[in-house]
Structures are given as structure tokens and as C-alpha cells.
Amino acid sequence: MYSLLRPLLFRLDAEKAHSLTLSLLHYLPGFYFRKIAGQPVHAMGLVFPHQVGLAAGLDKNGEHLDALAKLGFSFIELGTVTPKGQAGNPKPRLFRIAEANAIINRMGFNNSGVDVLVENVKRANYKGILGINIGKNKETNLNQAAEDYLYCFRKVYDHASYVTINISSPNTPDLRQLQQGDYFAELLTQLQKEQIKLADQYGRHVPLVVKVSPDETDETLKQMTDIILQYGIEGIIATNTTCSREMVKNLPCSEEQGGLSGRPLMELSTRCLRLLKQYVGNDVTLIGVGGIDSLESAKDKINAGASLLQVYSGLVYKGPELIHDIVSGLNAI
């Protein structure tokens, strides 16, 4: 069905097509949806039905949680959500590079605020594994950034299976500085202390996950993993989008500002994943994302060290069948 819809959707502005696709999910007939049986994965104290989940960014506010659940994901990550709602960057801010199965976005954490997301999650019927990705508001300076993350963490704790700390988006000014040295250590210190309090308050432990940039040096990644191991962070998502354009040079829209995702990100993000595996071994769960649009690319991520996978841009180009193709292919190995 998606192969019939895609040419029509691709005639629309990318952000309009995104919104329309999410709306259409609510009206698809029941026979289109199916459960996908896979090999369970035990990670971060959770049992994932199979390896393939949805990356953050598709449903920022949790408005489409039940519809997305019917596509067969092992887990769904909502967000990025911030303490207060914000409009994000001016439009247009989402661009396809169809020649390369790629997307450039400079959305800028557009979302309705954490309170709206929580209410949407509470209304949903979804009972599966839910990640919630949290960030800071654009106007919050770096010295106060930890307060934004703590505020969101407290709000979502009782509704999340795990919480992702997004400090690697290229579309919020200076955000990636939070991956550096003292900023990073202080942020994790405060979040870990809050995690202990919240676990006692709610009677359950919710793992923290860090989403990293593919554009950091090997030295920075090593410093980050040392701090991650020190503070007992249980997961790393590798990776966010890249600012590099080497892989799409001279293609239409390639000069647009923002983060590049999709197939051209595959090599860079997988290299980062492989490096992280060397640094953390089996002590931290690695979630591979970036360029997964086939069984082969999924296998490459797993071989590089990923226990779990996330897709987003691959869905735009391949449709929901991508989930089934990957899971059934991994089952056959």
C-alpha cells in the first residue's frame, strides 16, 4: 500500500507529507496492521519483543502512539519534548534528498511541551515499551540546561520505560556543547541523583539513555563513555543526524542547513557505533540508528555492536514493510 501512496506524498512539501502520513495511519483498515514476532531482546532491565523500534522525531507529542503501535514496532520513542512548548525553526525546515534516500531537517525541537505529551500518553491504549526523548528549550542557556532536563525527567518518569537525553541535535544552538566535559558530567550527576529519588517515589527504575552525535572526535566519544560508565547510564543511542554533507555533495537541497539522516548517514553512524562498542563493551546497551533501510544495513548495525535498532528515514522511503522485512530476516539468521 505504501508503494502506491509514496509518489503522491513525495509531491507534497516534506513536512506536510509527514503530517498527512501520521493522520492517515489512524484510518488504515485493521487488516493492514499486524503483530510481528521476533527474537526477544533483554536489555536495560526490559524485554523487547524484537530488535526494531521507532526513533524519536516522528511523533514528538505522542499524538499518534496507538496508530504507530499497530505497525509492529518493538518499542516506540516519542519526542524530543521540552519543558515548554516551542514552535521550532521557521519553515521550510524539512527536505528530502530522494536521490540518496536521505532527509535534512532543522526542525529545532518543535513540540507542544512535556505536559501535553504526558496527557497524550495517559490517554493512549499503548502498553508496550515506550521511550521518551527529552531536551532543553531554545532560550535556556547552557548553565541552566540541566534544570530543563530534570523538569522533563520528573514529568515523564512514571510514563516511560526509558528516558533519552538528547544533547546531540544540531538544530538547537550550542546544544552539542552539553556533550563536552564538565557540562556532560554535571548533567549526568544531577540526572542520576534525580533518578534515585524518582525510583524510590514510584517504586520502579527507569533507565537513562544518552543520544550521541556522529560528528564528535574519537577522543570526545571516549571521554563521554568514561563519564557514562562512571554514572551508570544504561544505554547509548548511536547516532543523531550529521552536519556533514560529504555524502550528498552537489545533490538538490544538500546545502540546506540542518541534520542529515538516511542512507548517507549509515557509514558514519556505524563507525561511531563500532567505536562505542570498543569503549563500553557489554556494560551499556547500544541502540543503532542512522541509515537503516534494509536487512543488510540492520545486520551491519548489529555486527557493529547494536543490541537494538531504530528506524525513521528508512520508513519514509521504504514504508512500514521495512519493519517486517528486517525482523523476519533477522529471525532467519
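The backbone N, Cα and C atoms fix where each Cβ goes, glycine too.
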For the FMN site that Swiss-Prot assigns to ALA56, GLY57, LEU58, ASP59, LYS60, ASN133, ASN166, LYS211, THR239, GLY262, GLY291, TYR312, SER313, which of the candidates THR80, THR189, THR225 is also assigned?
THR80
What is the separation, in Å, between the Cα atoms of GLY262 (FMN binding site) and ASN166 (substrate binding site)?
19
When the Cα of SER169 (active site, nucleophile) is compared with the Cα of each of the binding-site residues ALA56, LYS60, TYR312, which one is closest?
ALA56
Go through LYS60, ARG106, LYS211, our binding-site residues, and report the one whose Cβ sees the most other Cβ atoms within 10 Å.
LYS211
LEU58 (FMN binding site): tally of other CB atoms within 10 A of its CB
20
Whose Cβ lies within 8 Å of the mean position of the Cβ atoms of LYS60, ASN105, ARG106, MET107, GLY108, PHE109, ASN166, ASN171, ASN240, THR241, the substrate site, other than those residues?
GLY57, THR80, GLY88, SER169, PRO170, THR172, GLY258, GLY259
Please determine which of the binding-site residues listed here (GLY108, GLY262) has the lowest count of neighbouring CB atoms within 10 Å.
GLY108
